[in-house]
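The structure appears right after this line, and notes come after that.
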Amino acid sequence: MTTLTDDVKDPATDDASHDGHAHDDHSHDDHHHHIPKGISRWLLTTNHKDIGTLYLWFAFIMFLVGGAMAMVIRAELFQPGLQIVEPNFFNQMTTVHGLIMVFGAVMPAFTGLANWLVPMMIGAPDMALPRMNNWSFWILPFAFLILLSSLFMEGGGPSFGWTFYAPLSTTYSGDSTALFVFSVHIMGISSIMGAINVIVTIFNMRAPGMTLMKMPMFVWTWLITAFLLIAVMPVLAGVVTMVLTDKYFGTSFFDAAGGGDPVLFQHIFWFFGHPEVYIMILPAFGIISQIVPTFSRKKLFGYASMVYATASIALLSFVVWAHHMFTTGMPVEWEKFFMFATMLISVPTGVKVFNWVATMWRGSLTFEIPMLFAIAFIVLFTIGGLSGLMLAITPVDFQYHDTYFVVAHFHYVLVTGAVFSIMAAVYYWLPKWTGRMFDITLAKWHFWCSLISVNVLFFPMHFVGLAGMPRRIPDYALQFADFNKWISVGGFAFGLSQLIFLALLVKACRKRGEPVSDQVWDGAEGLEWEIPSPAPYHTFDTPPQIK
Amino acid sequence: MAQQEYQKYYVPDQSIWPIVGAVALFLIAVGAGNYVVEVSKGKEGIGGYILVLGLITLLVMVTGWFKNQIDESMSGLYSAQLGRSYRQGMAWFIFSEVMFFAAFFGALFYARMIAVPWLGGASNNAMTNEVLWPTFEAMWPLTGTPDGTQTTAMAATGLPLINTAILLVSSVTLHYAHVGLEQNKRKQLTALLGVTILLGAVFLVLQVWEYIHAYRDLGLTLQSGVYGNTFFMLTGFHGLHVTLGTIILIVLFFRVIKGHFTPKEHFAFQAGSWYWHFVDVVWVMLFFFVYVL
């Protein structure tokens, strides 16, 4: 789709070429000639690749921490009856597991990928606002430090579910609620700044000739995601602020006795929450749209329709929020509106799935690791999408609401959807980042162990959910015991499989493995595959010309 | 763009300020998180001190970071492309602020159009009213809540109307100060910018006066039901934004006196001006939906 007319410079000639620049005589020019060493490199960095790496490692660590909490949940649910933890601690585990996976793992991982890839894909020297980029990242670990340390407070951490419905989070919550609120504020600030950076980079930093409709799909999906983030993260900040004032300052936004309404909480929360769901999946669509063409050795089928489908999904995501609230009390006309609006989203989503399949159709397929994850994504995400369609039907949702069927649904779209896409992305671009091929044997083990265990983990949840097992309860009726045992076994296996990934990543970061070519994968197209592997510390100091 | 005309995009060197800012936010969150609990329980604690320490750190960070930016800008490191980045960044930041206010306006509309009427038995909620609070009658402004809290509504005439006029005039004066900057009429610029700051300060004083009036004479407080909640949260957050905007304008005033801005290059001025017009528009919405209707 895009080609470079200039020769892309390797690091050595890159340095030499600086002498010709008009602005080289200022005092800052020497920073291009060395990579800073030690801890200060990471603390003070303004380099999009460093910050991308920080985001990705942070997300992976949070993925393991949140995963450990899931292990606690599955250990408790291995058998019926209260076995290992107190119910209040169980609630803290489900709450913090959700918060960490959403705000600490999936979102930062996508932001990390955007940091690494967007400037390289559009031919920009860095992100548009490099210092703010550093700030966006470094406030995140502090936010999670606060959230995690609140677990050790007297009375424990937040235990009202990641959706913190009022009055659970207001009237009935513990003293850690204030810390929870402020840590969510910081996460919001981080996401908003990160999104502003991405959106400005894409609008203002594209190389000459890189028109909007030539941009790689990953850039397109992130552009739209960034818009969603800026639109809804402030609403989250607003709703947590109302929780704070309701709990500590005597307001009654969510208290009917003062003229408010607990249902109002759900409306505001899900006005944020539903676009948030697409924030966590649109970049995944972008990743899959990069990987599938490479290993099919074909152009992406229906590029323009992919762009329009992404935009349609984003716009529709603002008018479907109340499908999370079918059972909480709404006029029947609203229920019908939200049901049909929700089902409408399956149209652009279907366009995407068809386009990926059509891209593979009669392509010269090979099944390298990123492609394996991408194909697993397409199949398993579609399962999650279809169960979502079932949940969208109002009368049916009356039965499914708050059962394990819902848990199965959103774990299919978030784990085998978002998380698998992130893993696919890491395998796809890791050789470009490190300059060496990762350990393919370990990667195969990681893929197959994850694929099998994740289905043992989440598929039976559909069955127990349809049979009526409620979510967020540490105990269950005896009839669910067999399935839950298998779910837990699948959970432990999936957790252990991620340690293979950890080993692989550590090995890759220590620069083991065969050096790779600049293109890495034959069939890979785009600016990032035309620069050297590993990608130099600074790329595209002068913008390339795109035809 | 031809290659030789291209001015290199300025990618700043390592900077200490973001990490200082991260520590500041950390201290603010920990401090505020503890302070709020301590106050609500009447306990002694160090939350307040941590909060103040965090705010001071944030102030140091903002000062240092902005000084850094100003120095870079004055030494000519910036290009037109970087200027566009800043402008677009500011525009998207203001959009995020719009959405923050939207959440509170949404709460206001929901409470007024849906929650309160339903509590009064509207639609098919006759039994809600009958069973929960049979004496409650829906009204807006909600001067009597279901649990019996009584309060008085704030009239739109008087102070709020004067404040509306003040902010609208301040938007005009700031606009003509900007025009003065673009046409290099320095006197017009400094005089009108000064007037704008003064108007902002008067607005804030009157707002404080209005709050005192509400608490002392009307019995309208943050705790007096959803009318008081939305009233104080919306006007309070708006007041915070006016305060911040006034501080920004004061900083701009001193930069103008130092001769920092040229008719063509004055991103900081433009950003401050956008911000001021934004808080103005929010006020007009507020006046309409909170006071008049």
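Positions of Cβ are set from backbone N, Cα and C atoms, glycine also.
Keep in mind that what you see is a predicted model, and the values were worked out from it rather than measured.
The annotation region 'Disordered' is assigned in TrEMBL to A:1-32.
Marked as domain 'Cytochrome oxidase subunit I profile' by TrEMBL: A:42-547.
As annotated by TrEMBL, transmembrane segment applies to A:54-75 (among others).
Sequence-distant contacts of the transmembrane segment (A:95-117), counting only residues of its own chain at least 6 positions beyond either end whose CB sits under 8 Å from a CB of the stretch, comprise 48-49, 51-56, 58-60, 62-63, 65-66, 69-70, 73, 127, 133, 136, 140, 143-144, 147-148, 151, 157-164, 184, 187, 191, 194, 198, 218-219, 222, 225, 276, 279-280, 283-284, 287, 414, 418-419, 422, 425, 429, 433, 528. Per TrEMBL, transmembrane segment is recorded for A:95-117 (among others).
Feature annotation from TrEMBL assigns transmembrane segment to A:137-157 (among others).
The transmembrane segment annotation in TrEMBL covers A:177-205 (among others). Beyond its flanks by at least six residues, the transmembrane segment (A:177-205) meets 103, 107, 111, 114, 118-119, 122, 124-125, 127-129, 132-133, 135-137, 139-140, 142-144, 146-147, 150, 153, 157-158, 164, 169, 215, 219, 222-223, 225-227, 229-230, 233-234, 236-237, 240-241, 243-244, 247-248 of its own chain at Cβ-Cβ distances under 8 Å.
The transmembrane segment feature in TrEMBL is assigned to A:217-244 (among others).
Residues or ranges marked as transmembrane segment by TrEMBL: A:264-288 (among others).
Distant neighbours of the transmembrane segment (A:300-322): 1, 213, 217, 220-221, 224-225, 227-228, 231, 267, 270-271, 273-275, 277-278, 282, 285-286, 289, 292-293, 330, 334-335, 338, 341-342, 344-345, 347-349, 351-352, 355-356, 358-359, 361; these residues of the same chain sit at least 6 beyond its ends, with a Cβ under 8 Å from one of its Cβ atoms. According to TrEMBL, the transmembrane segment annotation covers A:300-322 (among others).
Annotated transmembrane segment per TrEMBL: A:337-357 (among others), in sequence order.
TrEMBL lists A:369-393 (among others) with the feature transmembrane segment. Residues 281, 284, 287-288, 291-292, 294-295, 323, 339, 342-343, 346, 349, 353, 356-357, 400, 405-406, 408-414, 416-417, 420-421, 423-425, 427-428, 438, 440, 443-444, 447, 451, 454-455, 462, 521 of the same chain lie 6+ residues outside the transmembrane segment (A:369-393) yet bring a C-beta within less than 8 angstroms of a C-beta in it.
According to TrEMBL, the feature transmembrane segment maps to A:405-430 (among others). The list of residues near the transmembrane segment (A:405-430) in space but at least 6 beyond its ends in sequence, with Cβ under 8 angstroms from a Cβ of it, reads 56, 59, 63, 101, 105-106, 109-110, 113, 116-117, 277, 280-281, 283-285, 287-288, 290-291, 294, 368-370, 373-374, 376-377, 380-381, 383-385, 387-388, 390-391, 438, 443, 446, 450, 454, 457-459, 461-462, 465-466, 471, 501, 505, 508, 521, 528.
Positions annotated as transmembrane segment by TrEMBL: A:442-466 (among others).
Taken from TrEMBL, the feature transmembrane segment covers A:486-506 (among others).
Most Cβ pairs within less than 8 Å of the transmembrane segment (A:54-75), among stretches A:217-244, A:264-288, A:486-506, belong to A:486-506. Beyond the transmembrane segment (A:217-244), the same-chain residues lying 6 or more positions past its ends with a Cβ under 8 Å from any Cβ of the stretch are 110, 113-114, 117-118, 121-122, 164, 166, 169-170, 177-178, 180-181, 184-185, 188, 191-192, 194-196, 198-199, 202, 251, 253-254, 265, 268-269, 271-272, 275-276, 278-279, 282-283, 285-287, 289-290, 300, 303, 306-307, 310-311, 314, 317-318. Away from its own ends, the transmembrane segment (A:264-288) comes close to residues 102, 106-107, 110, 113-114, 163-166, 216-222, 224-225, 228-229, 231-233, 235-236, 238-239, 242-243, 253-254, 306, 310, 313-314, 317-318, 320-325, 328, 352, 356, 374, 377-378, 381, 413-414, 417-418, 421-422, 424-425, 428 of its chain (Cβ-Cβ under 8 Å, at least six residues beyond either end). Using a Cβ-Cβ cut-off under 8 Å and counting only residues 6 or more beyond its ends in the same chain, the transmembrane segment (A:486-506) has close neighbours at 60, 63-64, 67-68, 70-71, 74-75, 77-78, 423, 426, 438-439, 442-443, 445-446, 449-450, 452-458, 460-461, 464.
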